[in-house]
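Asker: Dumping the structure here so I can ask a few things about it.
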Amino acid sequence: MDPQMHERRKRRQTLAELGSSMRLLYDETAFGDRKGSWMDPEQRVILNVGGIRHETYTHVLKKIPATRLSRLTPNLANYDSVLNEYFFDRHPGVFAMILNYYRTGKLHYPTNVCGPLFEEELEFWGLDANQVEPCCWMTYTQHRDTQDTLAVIESLDLDRDPPTEEEVAKKFGWEDDYYSHSLNWWQRTKPRLWALFDDPNSSKLAQIRSYLSVIVVLVSILSFMAKTHPYFRIPQITVIYETGVILENRRAAIGAIKDFTQPWSHFFYIDAICNVWFTFELIARLFFCPNISKFLRSPLTIIDIICTVAYYIDLLLHAILLQAGSIVTLDFLSMICVMRLFKLTQHFSGLKILIQTFKASAEELGLLVFFVLLAIVIFAALVYYAERSQLNPDNQFTSIPTGLWWSLITVSTVGFGDMVPKTWLGMVVGSVCAMMGVLTIALPVPVIVSNFSNLYSHSQARSKLPKKRRRVLQAHEVKPNLLSVKSVPGKPRKRSNTPATPPIDQRKTGINGGADVGKGEEMARTPRSAKGHLHHSNPHSSANHQEANRLIEN
């Protein structure tokens with residue numbers, strides 16, 4: 001072999017060994033640096049949330065201190081040392097957004113979950129709900145408006161479930177007697193009589209009473225309106241005779257004066273019967289109500305008292321002052337009975353929603369009134385000076401207060417035509433006033449319509465919900481016999497590789513499944529320990545299935 005070639009090969013081998021040593025030294029150095037970094041595998045954390053595993057690093061969870069995830073240690077009960085993971089039985093979809101909040105510092109709202117659920121998850125993980133990003137804030141806060149609407153509907157008592165005996169006892173202040181089982185006959189009868197006069201849906205008799213009350217109110221209002229018609233009024237005429245003139249043994253009449261008119265006597269009896277019913281109903285409600293002070297402060301009670309007292313005052317004045325000519329006072333007192341129309345809100349849910357709509361839209365209505373008053377004053381002044389700008393002998397706007405009436409009628413787009421501008425400048429002011437009136441009135445209307453639609457749609461949806469909903473047990477309420485199923489004595493278990501199949505009656509599910517669906521759901525919610533025993537039992541052994549079903553149902 002050539003000595004030069006041998007020397008070249010030896011040099012190449014030496015360089016290769018030197019390169020290998022350098023690479024080994026570089027790898028050891030890089031591994032040493034990597035060992036203490038955040039990207040080290042020992043710093044990785046596995047989080048099992050609702051069966052879905054999430055992996056991240058410890059320093060990511062430390063970004064938001066004083067939270068549940070920032071205080072994770074292997075000493076927690078959630079830590080599984082075998083799987084080297086932390087298990088949390090929470091919503092996995094929401095946790096994905098929460099973990100992304102730790103990574104990016106931006107909290108977004110998932111649109112596939114309900115708002116209260118999202119708030120509960122944030123509260124569990126120790127996060128502030130106000131940190132939601134502005135792009136998701138409107139969507140996130142919609143549930144709060146919905147909850148406020150449902151709370152308003154709940155306060156209206158629209159087709160609500162009948163109260164329980166415990167709720168009735170608390171309402172009347174008898175909870176101590178109820179818990180001690182010492183309610184007497186009167187304490188059991190009074191709530192029923194109150195429900196008869198207050199809740200039309202409490203019984204068939206209460207519905208009949210409600211219909212009768214509506215009929216009496218309508219008859220009273222119709223009687224009040226009908227007796228003002230000339231056909232139903234009898235004139236009271238005073239005949240004037242000429243003194244000293246006798247024709248065929250009769251005095252000669254020279255004139256007649258119609259002093260006033262009175263309604264038919266039938267209306268008196270109709271009003272008397274209606275007001276006797278109103279008085280009886282008021283006294284009964286006052287006698288059977290749970291709280292007298294609260295009952296007397298009710299707006300409907302105040303209206304009922306005013307109308308009833310006005311009738312008896314009208315009756316007394318009619319008997320005393322009929323000949324004195326105080327008809328105006330009598331008519332004014334009779335007009336108060338129209339306020340009884342508000343009593344119909346007790347029987348029609350639509351009227352309650354309409355009144356609540358005006359309450360919810362009070363701010364918009366106040367703003368509407370302010371802008372209307374502002375427009376009335378401005379255009380009344382403009383049209384006054386516009387009509388005086390030219391020679392106008394037929395000027396009807398003699399002052400600004402006179403122009404207020406024209407401005408109000410024009411802004412409200414009614415336009416009676418009793419007052420009109422005659423000059424060109426006045427016509428321009430009238431045209432602008434009409435257009436501004438349309439815009440001013442039209443702007444708040446969508447808000448009011450939206451409030452009514454929101455209340456009405458939620459009330460209709462609430463009325464279609466099932467009256468009785470299945471109760472879900474809390475964790476501390478689960479009985480111990482649901483956590484493990486014992487085998488039947490005398491019959492040893494048989495292991496089988498075939499998965500356990502629930503009985504046929506538990507597999508019957510459907511929309512109207514009722515109790516069968518409940519049993520199936522109860523089997524599905526059985527904890528792991530109970531399911532483990534069931535899976536190892538023989539599926540063909542009916543005795544084991546019957547015993548398991550009996551224990552689960554108990």
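Here the Cβ of each residue, glycine as well, is placed from N, Cα and C on the backbone.
Here's the feature list from TrEMBL:
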type     : residues : note
DOMAIN   : 43-143   : domain 'BTB'
TRANSMEM : 208-226  : transmembrane segment
TRANSMEM : 267-288  : transmembrane segment
TRANSMEM : 295-313  : transmembrane segment
TRANSMEM : 319-342  : transmembrane segment
TRANSMEM : 365-386  : transmembrane segment
TRANSMEM : 398-417  : transmembrane segment
TRANSMEM : 424-449  : transmembrane segment
REGION   : 483-554  : region 'Disordered'
COMPBIAS : 528-538  : compositional bias 'Basic residues'
Asker: Give the residue counts of the domain 'BTB' (43-143) per reduced DSSP state, in the order helix, strand, coil.
Answerer: 44 helix, 20 strand, 37 coil
Asker: Average pLDDT across the domain 'BTB' (43-143)?
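Answerer: Residues in the domain 'BTB' (43-143) carry a mean pLDDT of 90 in this prediction.
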Asker: Six or more residues beyond either end and a Cβ under 8 Å away: which residues meet both conditions relative to the transmembrane segment (424-449)?
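Answerer: Answer is 357-358, 361, 364-365, 367-368, 371-372, 375, 379, 382-383, 386-387, 389-390, 397, 407, 410-413, 415.
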Asker: Under an 8 Å Cβ to Cβ limit, what residues of the same chain, 6 or more beyond the ends of the transmembrane segment (365-386), are close to it?
Answerer: 358, 397, 399-404, 406-408, 410-412, 421, 423, 425-426, 428-430, 432-433, 436-437, 440-441, 443-444, 448
